[in-house]
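**Q** According to TrEMBL, the record shows the following:
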ACT_SITE  Tyr77  active site, proton donor/acceptor
BINDING   His107, Asn219, Arg323  substrate binding site
MOD_RES   Ser167  2,3-didehydroalanine (Ser)
Amino acid sequence: MCRFAIGRSAVCVVVDTPVRSSEEIPVLIRGEGLTIDDVALVAGQQVLVELDEDQMTMVEETSRRIQKWGGEGQPIYGVNTGFGEMVFMNIPPRFETELQDNLLRTHAAGGGELFTDEAVRAMQVSRLNCLIKGYSGIGTDTLRLMGELLNRGIHPIVPQQGSLGASGDLAPLAHLALPLIAEGRVRKGATIRPSAEVLAEEGLEPVRMGYKSGLALINGTSAMTGVSALALVRARRLVRLALWASAAFIQVMGGSTGAFAERGHALKNHRGQSEVAGLITRLLAGSDLTREHADVMALISAEANGDTVTPVKDYLQNAYTLRCVPQILGPVLDTMAYCRRLVEEELNSCNDNPLIFDTPETVFHGGHFHGQYMAMASDFLNIALTEVGVLAERQLNRVLDPHLNKNFPAFLALGDEGLYSGLQGSQYLATSIASENLDLAAPASVKSIPSNGQNQDVVSMGLIAARKSLRLIDNVNTIVSVLVAACYQAATITGIERFSPPVRGLLELLATKVPGYRDDAGVASDFLATIRDTALSEEADALLPVLDIPADLS
């Protein structure tokens, strides 16, 4: 299987980003087979969703079952009991709807900044895929309305803070559910308005909450899972840019290609490392700046002086920032593959409680709402993302340091050194963010604080971890973009034409947007913003290495 390819000229292309449009086949919501790319497509409003009618039949059967049992007074959590620590309270059938509505209202207690529409849509599709499996007891009318909100671009207003990650993402999912009963607020277009107004305008009827419906909507991991899916797709794009930047950096530094030889990496049994080594080799092909290991050996041999201890100008081995890119970014790929597997397993799981089977006695009262899998997946991803930033910041330091950067001007200043400072200030940005990331990399999944009258005595904090992933991706994109700026600045000195064809494309694109930075030409932040915007653009996307990170490690 071809797993990596370079840009447009690749013989084998493995698509790594969502590319479908809304005119194509919608994403089928059927409780299985949903991928992180599907979530990203729906979240980005590139495709619609369609509910699988066979699964909807099962949903309806389970709903009828729970309605019957609720009317009979069968003891089932969330049907005729209080919630959480108040499970010991028996609730008569006449409070069927009031119990569920009150649950949504009281738990819609989130705070802080609002999630973006994209993140909210990721949560919606994640919850839909869980509920359509048919074990939650919710009605089909509720799922159809959820689908309509997605397809019509009606987005519930969901604050970011308030989830403990067990019993699921109660607060954000309650905000997500309120519009289904014509309460709370939504955004359609650029305007935030009361849900009732927008539903009326759209000709959509709010649903009546039957037994367990409110609980089914909020008692799960769909907020953290949806956000984690988005984070993984964005992280993949980030890693592609970091790999390109590493290849550009190696060429700027006149690095040796020997450290990426397949024969060596075949002896280290880590798939990600071997694949990064192969990718870097292909990214360097055709460069006029790198050197073969044999050439380095010849130069050193020529400088040797018989039996005398002699310093030589060339290093037989490069520093780790050049030589160990496969050993540093390889684990990142393997970590992301593992995280993707966990997230896609969760996307296609029942993460509700209780789960409805054939008889009241077989109802499963468990803890599938607990977000520890997602919390740990996000924490693992956050460590990997932080390391991408650590590598890029150290690569940046080497290319700017006049004692290390192979006779380039100090800080790549395009002018009189000292009078001109070049990218000296830009390094501070990258280094400060790299330090900030060390705090964000601290795991959330081990920071449990008991709550809910000691009922929720061990919680996951999974949504906190997932939110940190999005912040880290944005931060590391900035660090890598500063490295891209430095490599581009160096290329304006050496000549872009000397770089390998796979790397040259993005350098040429950057040259059409902005010249190399001169102190007397403008503010550095404007230069960096142009580099970042270009490097993260769709136009640049086709010029980056194509990367497949599967959901398995086989």
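Quick reminder: no glycine exception, Cβ is built from N, Cα and C everywhere.
It should be emphasised that the depicted structure is a prediction, and the values quoted were computed from it without experimental measurement.
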**Q** Just the number: how many Å between the Cα atoms of Asn219 (substrate binding site) and the residue listed as 'active site, proton donor/acceptor'?
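**A** Cα of Asn219 (substrate binding site) to Cα of the residue listed as 'active site, proton donor/acceptor' measures 12 Å after rounding.
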**Q** For His107 (substrate binding site), just give me the three-state DSSP call.
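**A** In the DSSP reduction, His107 (substrate binding site) maps to helix.
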**Q** Give the distance between the Cα atoms of Arg323 (substrate binding site) and Ser167 (2,3-didehydroalanine (Ser)), rounded to the nearest whole Å.
**A** 46
**Q** Look at the binding-site residues His107, Arg323 and tell me which residue has the greatest number of other C-beta atoms within 10 angstroms of its C-beta.
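**A** The most densely surrounded of these binding-site residues is His107.
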**Q** For His107 (substrate binding site) and the residue listed as '2,3-didehydroalanine (Ser)', what Cα-Cα distance in Å is obtained after rounding to a whole number?
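**A** Taking the Cα atoms only, His107 (substrate binding site) lies 11 Å from the residue listed as '2,3-didehydroalanine (Ser)'.
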**Q** At a 10 Å cut-off from the C-beta of Asn219 (substrate binding site), count the other C-beta atoms across all protein chains.
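**A** Its Cβ has 26 other Cβ atoms within 10 Å.
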